[in-house]
Structure formats: structure tokens, C-alpha cells
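Engineer: The structure's right below; bear with me while I get my questions together.
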Amino acid sequence: MTSTLHTTKKVLSIQSHVIHGYVGNKAATFPLQYRGWDVDVLNTVQFSNHSGYAHFTGFKCSTEELVDIVEKGLIGSLRIKYDAVLSGYLPNVQALQKVAGIVGQLCEGSENVKWILDPVLGDNGRLYVDRECVAVYQDILQNFKIFLATPNQFEMELLVGMSIRTLDDAKQAFKLFHKKYPRVSRIVVTSLELSEFLSNDTYVVAGFDCSASEEIFFYEIPKINAKFSGSGDLISAMLTDSLLGDRRCTQLSLSASLGQVLWLVTSILQKTYDLNIAERGPQDSTIDIKDLKLIQCRDILKQDLIPSIGKPKTIKI
């Protein structure tokens with residue numbers, strides 16, 4: 001009798017945590033585990049629920065606690081070998097600097113460790129963190145080896161120092177990002193509201209593989225009549241799985257991975273919307289959906305053969 005053995009991929013996910021709901025680590029952990037990853041979870045904060053609710057309570061971990069857990073515990077004492085580190089919200093400038101320094105050294109010391117960095121700064125024109133964190137993230141992106149960065153539109157604008165309103169703006173922003181941050185191998189901007197697509201009631205998700213192409217690619221995604229929390233965290237987690245998971249012998253291109261991830265995430269958002277409408281009844285205006293229905297979307301998450309959301313368009317840079 002013969003058997004095929006494979007090693008389960010292991011990821012350290014450093015993000016926020018909520019007791020109720022699905023953002024940060026709660027949006028990443030179950031989907032990654034359900035798709036076969038061994039996930040070590042480091043919670044940078046512990047809140048009752050996310051800040052999109054009217055009220056929340058909880059606490060932030062201190063810089064010393066976070067550093068001790070990663071440096072002395074996981075790496076120093078246990079000597080755990082990770083395939084990937086997925087980092088998101090960190091509560092202050094010092095925590096961001098210290099944790100990024102440890103993760104950066106870990107990735108510099110081993111080609112096998114890939115850093116997926118979600119530079120959590122804010123959204124919709126509003127900062128979630130101290131303004132000093134912008135400069136810290138710029139320094140991190142300049143000096144460390146990043147496998148994939150996943151900013152949203154607002155974060156991309158902060159990182160490159162320009163507004164993005166049109167497709168040409170997006171092209172210039174990607175060019176500037178690559179010039180400023182040459183150690184970042186791949187970038188996906190998880191949501192772009194561009195003037196060319198507003199009449200179509202669509203938004204754009206765009207990417208660039210700095211090592212493999214001179215073209216930006218983008219997918220045009222139909223809008224769902226709702227505001228979601230946690231969708232960006234889910235995209236980052238599912239890109240980690242699609243690009244680095246053990247389901248295939250050869251790594252997919254960033255463009256192909258993003259097409260599959262967008263199909264999966266959009267399917268989850270649509271099912272979440274449909275379940276909310278079933279509970280609330282038909283709605284004429286945009287509804288605020290606080291939490292993704294991840295448990296109810298197990299049938300979507302378990303698929304091995306994920307279709308693409310469509311064919312991407314490309315722009316030469």
C-alpha cells in the first residue's frame with residue numbers, strides 16, 4: 001500500500017480579535033483552517049465587537065506582551081517554522097515597529113517564510129491608527145521583504161502620497177508604489193472607486209506582480225447594495241491560501257489567484273447579503289451589514305476547484 005503525505009502549511013496571523021463578529025483574526029482564522037491551514041493566532045487587541053457598532057469595549061495588548069509572545073515564545077522557545085505570516089491591525093506605533101522588526105528578520109532569515117502585510121491604517125478617508133503609523137508602514141515597506149501587500153484605496157493613497165480617482169491615477173499610483181517600495185514583490189489594492197466605473201455601479205480590485213510583469217491587472221466587480229465589515233481581512237487571508245496553499249504543485253499567478261479569491265469572497269458577501277435580507281425583509285437603500293456569515297458559507301469555503309470571477313483587464317506601465 002502506498003500513501004501520499006503532505007505537510008500542512010502553517011501561518012502566524014497577527015491581527016485584531018473580536019469576541020462577537022468576523023473581522024481581523026476572526027475573519028481569517030476559520031476560513032484558513034477550513035481550507036487546510038494550521039493557524040497560530042496572535043490577537044493584538046481583544047474587543048467585544050468591532051468599532052462599526054455604536055459601542056464596544058475591550059483592551060489592547062501591550063507592545064511588551066506582543067514582543068514576548070512572538071520573539072521569546074513562538075520563535076525563541078518553540079522554534080516554530082512558519083510558511084507565512086499574515087499581519088494586520090497593530091494598536092500603536094511602538095507595537096507596529098517592534099513586531100514588524102521581528103517578522104522582517106524572520107523573513108530575511110528564511111526564503112520559506114512569506115510575509116503577507118495588510119497595512120491597516122484606515123478606510124473611507126478616516127484613519128484608525130495614529131498618523132505616525134503611516135511613516136512607519138512606509139519604512140517597513142521600504143526595508144523589509146514583503147511577499148504581498150494588500151492596502152485598500154485610502155491606505156494606498158497614504159502610502160504613495162497621491163489621490164486615486166481615475167484609472168490613470170491608479171496606474172500612476174502603482175508605478176510610484178513600485179518605485180518607492182521595490183522590496184514588495186506583489187500588491188493587491190482591495191477596493192478602488194474610480195470615476196470610469198461609477199455609472200456601471202461597479203468597483204475595481206487591482207494588482208501588480210512586480211517580479212513577473214509590466215502590467216497592472218484589474219477586475220471590475222458588481223456592487224452589492226450593502227456595506228460590509230471584514231471583507232478586506234477575508235481577501236488577505238484567502239490570497240494567502242490561494243498563493244501559498246498546498247492544493248497544487250505549481251504556484252498560481254497573482255492575477256489567477258485574485259480572480260479565484262474574488263469569486264469566493266464575492267460569493268460569501270452575496271450569501272451574507274441574501275441571509276440578511278431574508279431576516280430583515282427587502283431594503284431599498286444600502287444596508288449596513290456588521291458581520292459576515294462565514295459559518296453559513298462553509299459550502300463556498302470548502303471548494304477545491306474555485307472558478308475565477310472573470311477575465312482581468314490589463315494596463316501597461
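Keep in mind that glycine also has a Cβ here, set from the backbone N, Cα and C atoms.
Heads up, here are the entries from Swiss-Prot:
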type    : residues              : note
BINDING : Ser16, Tyr128, Asp233 : substrate binding site
BINDING : 190-191, 220-232      : ATP binding site
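Walk me through the surroundings of each of these features.
Structural biologist: Following the DSSP three-state reduction, the secondary structure of Asp233 (substrate binding site) is helix.
Around Gly232 (ATP binding site), the same-chain residues at least 6 positions away in sequence with a Cβ under 8 Å from its Cβ are Asp118, Asp123, Thr150, Asn152, Thr190, Ser191.
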Engineer: Quick one: of the binding-site residues Glu220, Pro222, Ala226, Gly230, which has its CA closest to the CA of Tyr128 (substrate binding site)?
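Structural biologist: Nearest listed residue in space: Gly230.
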Engineer: Using the Cβ center of Ser16, Tyr128, Asp233 as the substrate site position, which other residues in that chain lie within 8 Å, going by their Cβ?
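Structural biologist: Checked against the 8 Å cutoff, the neighbours are Gln15, Val23, Gly24, His50, Gly88, Tyr89, Val120.
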Engineer: Identify, in sequence order, the residues in the chain of Asp233 (substrate binding site) that are 6 or more apart from it along the sequence and have a CB within less than 8 Å of its CB; answer 'none' if there are none.
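Structural biologist: Result: Gln15, Val23, Gly24, Ala27, Ala28, Gly88, Asp118.
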Engineer: Using Cβ-Cβ distances, find the residues under 8 Å from Gly230 (ATP binding site) that belong to the same chain and are at least 6 apart in sequence, listing them in sequence order.
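Structural biologist: Set apart from Gly230 (ATP binding site) by at least 6 residues yet with Cβ under 8 Å, we have Gly21, Tyr22, Val23, Gly24, Lys26, Ala27, His50, Asp291, Leu292.
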Engineer: Around Glu220 (ATP binding site), how many other C-beta atoms are within 10 angstroms of its C-beta?
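Structural biologist: Step by step: centre on the Cβ of Glu220 (ATP binding site), count other Cβ atoms within 10 Å, giving 18.
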